[in-house]
């Protein structure tokens, strides 16, 4: 994989190349003196003379080679061969390596940044540093790292951790066009298309062409070019059509007729050479081979005894072209071979009037050879030399042809690295593009690669080409998706899209070796199929595996169908296997692909599949052994995504909790560090590993009771999470995702502490105090003995309660571990976040933590309520009621309800917060309408605040709360759900119990009917608001049944059918939907039909039954038989004691057994909020019996 900085290196080279290309135009002003130019010309002339002599020797050798090969192949063309051991040195040993060639007067002046070689080594005018045609990571050819898949991108994934399509979009820099001056202009345009795409404009047609039948192997040639000379690599798009080696654009006063697009993956140049035809016989077609020499041990050594084919477009050909090649009757041209094997020249299409000038030679300078000199042998994991699975080069047909056309040299196909040992690439009909006459094949455009791939249909166009069935000449039109190609045809009599135009004289051509071996679709730009990519994950080369994983990551981004298909094809197992790979890049890309595959709520199957193939242990192994920050970030990101699946949570807790805590949480939090310096603070605040891990723990903390127990008992976890919050509070980092995750995790771990933590039970439940403003129901030392009351000594305040001042009873030492969850010291950071943070999730989590901690009758819940009052937290909570965020208001309202369990808190809330609570009720000009859950929470807070406090009840009436509550219960305005109606009816019922206030109510126009809502009305409203209920349920409704009396109603008596338990999978917030209301059906005494609307909410029916029997006649008469047996709405409230007396004198005489939640039918479990997971866990009502602080 290319490093991220690779892109910047390429981009840096582009402007310079454009400058070079632009500076070669004929309109440039000379920049050097005439003396310097003349000196340069003389020096060039001396070199050209020497080159002319060498080229004459080459011409003789090439002529004999061409004749022999043509006869051997029994065809009018000859095949080119690539060298195996030696290559021709293009300069003698006595000539220095480099030199500066001065510009000449006769042509456009060369800029000074062109370092032209002064010996025959002149090849191109650019070096790897100037353009992107360098063999660096990700480039095609013999790359050093070869981590790029040949068929995709030369830039690759710049960032393996990213899974956004946009990171690999082609660089659309709208590069300037380079015009090539001549009788007609040929343009190579670099537009905003993907890297490597080129636009070639043909100008002259019907040129009989020679064919270069084979291009040497990529292992030997890093910069092979085809056809018109356009270089294949990304930077080559700014090169000249007249260059045989992809040099920058040159001044070329001849008409050009490019016949094919360039390709970095094209195995052979299917182009013709104008040098090979005579004007009298334009249809004579010959094949020019690039017969290169064998490599010598000394690349700079003297010229060997034989030279190879005419390298049209090479600088060494140009001098001879002035004297010999310029004549259209010249048959063949001698040329020296490249410095190293495999350098293939590209024939040019020249008009009969062309005279190539000395200036052309300067355009082929040192830079191409700089590339060769910088090349190293291919590394073992590169794709060079890999045998193709389309047609093995060891096939009998291929061997025969090689022996025929190349008797003494072995041909290595250039595109052997294109395909892999995968049967999916095999095709029953291999073909090639065989064109007749002057037609050439349109092979492939653009440099290929993942990095520039965009998975949109607009990136492709369909071009047709011919397919030959191996060596047969039967052709068929075949359509294949290509990368979009922009071109214009100018006055040419052949069609690029229809390559079946017959030859001028009908000459039949035999296919080349590559034409026989390769399927043309292999050279066309196409997306690999998903099975192919998954198969590449098992490739023997790490580069292929890395790129296949990166491509999967790219494909899976935002595409659930692809994710499911990858899982079905077994790709997850292969990716998990790559996690143990020794190559870092493979590990990164595998993690990135897995992270995308398991992202989203609809990928639970992928998450389960990853768990089943051992993905979690593999991730943990990689996390423990890797020191690379990016790998650790990716691993924890995968675990975070996995943790959102309920079926995987416990596996992660069992296998990964300890590792995550000890490897990430504790070290990154700084909890165990003696000094927490500024550098660590910066690292801590920007740690993506810590963010991902805390997000994973946040999901795991909602997996249920067992998960919470294991997380609480994990050493260092609670301490580190709280330390993170303290640190962020001290550094004013209130809104980060890490803080949010920590707060929400602690909120879930604070759920039901007194029942799930043994230490909490020992510390708090055995010591019942009267912190609620009432006496303990038991005067005995044993809490389980209720009948026998034993006198005890009156405890001092320091022994049995804590009002927020002084030492905390029961905690003599500094808390640690799980004890820190309920210690009153946690209140301050929570309140700080509530006051300072602007992140709604953090606000909700902090309020929810206080809500959970203040719930219950145990001692530390009372301590928390006192600590909130001491830290001035009540005004902070009340102010948050005004937020326009539904979930924050719901959490804050429930927290206020729990805070009101403390007598002093209740007085403060009634005095200062009553109007804010009433304003959030529907109606009036208050903020936006809230959800039913939030409305029910506000009503429950009002109910608790007004219970046993007449002053607060009067404040509610004065603030206009009665009107809003009556509108809810009577169904006026927007119809509220049954849950809200019941909660509002409870508040009204509580208000009516204060007899001293009834006169005030009547003055305001209210009577008993407004405060006491019949159950039948609730039932009727319920069916009106839920029209989806079936008529069967309505017929079975208790409304139309005769039920005896209300005294026998199991709802009012608290008798619950043992079968009427909520299903464990039912989320607590879905109890009152249109279907959930009819979920639990059970027979009740005194009725011959089951009630379809039996909602269970009792936690201790026996105690409730005894209490309700005493007050069953309070509101209903015995003869009222049409009452709903519906237990969620209670009208059996105990009347306040002695209303005529001062209320607060009697408040301490209420027995604790008359707890408020069961008294008013409030559900017990949902007072604790546990919502921070993908799916909220469910808890049955009976899991938390006897809670005094649960809400509806």
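Just so it is clear, glycine is given a Cβ too, placed from its N, Cα and C backbone atoms.
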Pick from 38-58, 269-289, 290-310: which range has region 'Disordered' per Swiss-Prot?
290-310
Name the residue among 23, 155, 262, 392 that Swiss-Prot annotates as phosphoserine.
392
Annotated residue, phosphotyrosine, per Swiss-Prot; candidates 415, 425, 1094
415
With Swiss-Prot open, pick whichever of 106, 183, 240 is annotated phosphoserine.
106
For the feature phosphoserine in Swiss-Prot, which residue out of 75, 1049 does the record point to?
75
For the repeat 'ARM 9' (950-993), residues assigned helix / strand / coil by DSSP
33 helix, 0 strand, 11 coil
